[in-house]
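What Swiss-Prot says about this one:
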- Ala17, Phe18, Ser19, Gly20, Gly21, Leu22, Asp23, Thr24, Ser25, Ala43, Gly129, Thr131, Asp136, Asp194: ATP binding site (BINDING)
- Tyr99, Asn135, Arg139, Ser192, Thr201, Glu203, Glu280: L-citrulline binding site (BINDING)
- Thr131, Asn135, Asp136: L-aspartate binding site (BINDING)
Amino acid sequence: METILQNVPVGQKVGIAFSGGLDTSAALRWMKNKGALPYAYTANLGQPDEADYDEIPRKAMEYGAEQARLIDCRSQLAGEGIAAIQAGAFHISTGGITYFNTTPLGRAVTGTMLVAAMKEDDVNIWGDGSTFKGNDIERFYRYGLLTNPALKIYKPWLDQTFIDELGGRAEMSAFMTKEGFGYKMSAEKAYSTDSNMLGATHEAKDLEFLNSGIRIVNPIMGVAFWKPEVEVKAEEVSVTFDEGRPVAINGKEIADPVELFLEANRIGGRHGLGMSDQIENRIIEAKSRGIYEAPGMALLHIAYERLVTGIHNEDTIEQYRINGLRLGRLLYQGRWFDPQAIMLRETAQRWVARAVTGTVTLELRRGNDYSILNTESPNLTYAPERLSMEKVEDAPFSPADRIGQLTMRNLDLMDTRDKLAIYAKAGLLSLGTSTALPQLGGKE
C-alpha cells in the first residue's frame, strides 16, 4: 500500500503544517491551483520569534485553505520538556555543554497533535515543509503514522512538478505576487532558525561552514553574551523541585508549566545560558552543525542534576546517565513515544525523579558561566560529618574499619598483578622502568 504520494492528490483533502512563511504559503496556494483541497494546521508552540499567532490561520484562508486551525500545543510541549529533564534525555554535548533536544521535542508534540486534529476533520493526507536531507521528514513520518495508521503523506518538496515550477524562494515569491498577494521575501539571514518555547535552532547557509560560528547569530531567546558591549550582570536565582517537577523559581510558586518555562527562559536568557555549538549525527548518519538556545531548559537541568547527585547513589546516577543517553537518541530519531523510550523515561520518572525534592540556588553570569551557591533537600544523602576532616563524635567508621576494608582489596590486587603480567608476556604491555607501570613479576 502506497503511503507517500508523489503527485498532487486532486480533489482530496490535504492537511498542511502551515507556518505562514513563504514556503508553506506558496505550497498551499500551488496545491489549491492544482485541484487539491488544502486544510491548514498551525501549532502554537510558544515560538519566541512569532508575534501574532492568530494572523497565521487568516493568511491560510486568504491563500485558499478550505479550513485553517490554530492548535495550542504549549502545555503538551512543556510536559514533554519536563519529562526530558527528569530522564536526562540528552545525548549530544560538546565540552560538557548540552544540546537539550528542543527541536525533537517540538516535533514529537507537533507531529502527534496536528495529525490528531486532522483526524477530527477527516483529513488523512498530510504535508509539511521538511526536506529529504533532514531529520524532520522521518520524525513527522513516524509520529504521523503512529497517530493515524491510515495517513498518507504528500510533500510538495518531494513532487518533481512542484520543484520544477517553484524550485526556490525567488520563484515562490514571484508566484505569490503573480497570484495577487504581493508576498515579499523577508530579508535573507546568514542562517535559518526554527524555534519553540523550549529552545531555538540556528543552522544551514553560512553555519554549514565551521569557520563561521556563534558570533554571526542573533539570539532570539537571550543576549549575545560574547559581545563585550552587551552588559550582563551577575544574578542569583533559586529553582525548587517537588518529586521531580519544577514548581517554583526564586521562591515564587508557578503552577502552570508553560508559565514556569517562560519565566525560566527570561532569567536564563538574560545571561545567554544554554547556548551551544554542536556537531551531530543526523538520523541518516551524515553530520550536521547547529547553534542552539535553551535558557530555561538549561536552568532547570542544572538545578535538577544538582539534586540528583546529592540524593541518589553512584549506581543509580550511572544508570540514569546511561539510560538518558539512549533515550536522547531515541527522542532525536523520532521515537519518543515508542515502547523502548517509554520504558526508559518512566523508569527515570519513577525511580529517579520521584525522590528529587529541594531547592538549588545559583549565580548566573555570562553564557554558561555559573556557580552553585546552595543545595537544600530533605532527601539529601550528602552528610558532611561522614567524611569530615575534623574529629567528630560517633563517627560512622574508624581507622580500624578502614584497615580491614583495605586489606580485603589485596585479593583484587593480586589478580590484577597476575593479569598485567600475562599482558606483558603477550607483548601487549611494556613494563620497563620508562613506563608509569611498575615492573611486575607475576606471582613472585
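Cβ from N, Cα, C; glycine included.
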Query raised in the report: Long-range same-chain neighbours of Thr201 (L-citrulline binding site), Cβ under 8 Å, sequence gap at least 6?
Result: Thr102, Thr103, Thr193, Asp194, Ser195, Gly290, Ile291, Tyr292
Query raised in the report: By the DSSP assignment reduced to helix, strand and coil, which category contains Arg139 (L-citrulline binding site)?
Result: helix
Report task. Could you check the binding-site residues Gly21, Gly129 and say which one's CB has the most other CB atoms within 10 Å? Result -> Gly129
Query raised in the report: Within 8 Å of the Cβ centre of Thr131, Asn135, Asp136, which other residues of the chain have their Cβ, at the recorded L-aspartate site?
Result: Ser130, Lys133, Gly134, Ile137, Glu138, Arg139, Phe140
Report task. Can you check which residues sit near Asp23 (ATP binding site), meaning Cβ under 8 Å from its Cβ, same chain, 6 or more apart in sequence, and list them in order? Result -> Gly129, Arg169, Met172
Query raised in the report: Reported as an integer number of Å, what is the Cα distance between Asn135 (L-citrulline binding site) and Ser19 (ATP binding site)?
Result: 18
Report task. Quick one: of Asn135, Ser192, which of the binding-site residues has the smallest count of other CB atoms within 10 A? Result -> Ser192
Query raised in the report: Counting distance between Cα atoms, which of the binding-site residues Arg139, Ser192, Glu203 is nearest Ser25 (ATP binding site)?
Result: Ser192
Query raised in the report: Per DSSP, to which secondary structure element type does Thr201 (L-citrulline binding site) belong, with helix, strand and coil as the options?
Result: strand
Report summary line: All chains considered, the count of other Cβ atoms within 10 Å of the Cβ of Ser25 (ATP binding site) is 26
**Report entry** Candidate with sparsest Cβ neighbourhood (10 Å radius) among Ala17, Ser19, Asp136, Glu280, the listed binding-site residues
**Finding:** Glu280
Query raised in the report: According to DSSP, does Gly21 (ATP binding site) fall in a helix, a strand, or coil?
Result: coil
**Report entry** Cβ neighbours within the same chain of Thr131 (L-aspartate binding site) - under 8 Å, at least six residues apart
**Finding:** Ile137, Trp157
Query raised in the report: If you draw a 10 Å sphere on the Cβ of Tyr99 (L-citrulline binding site), how many other Cβ atoms land inside?
Result: 26
Query raised in the report: For Glu203 (L-citrulline binding site), which residues in the same chain are close in space, meaning a Cβ under 8 Å from its Cβ, but six or more apart along the sequence?
Result: Tyr191, Ser192, Ser288, Arg289, Gly290, Ile291
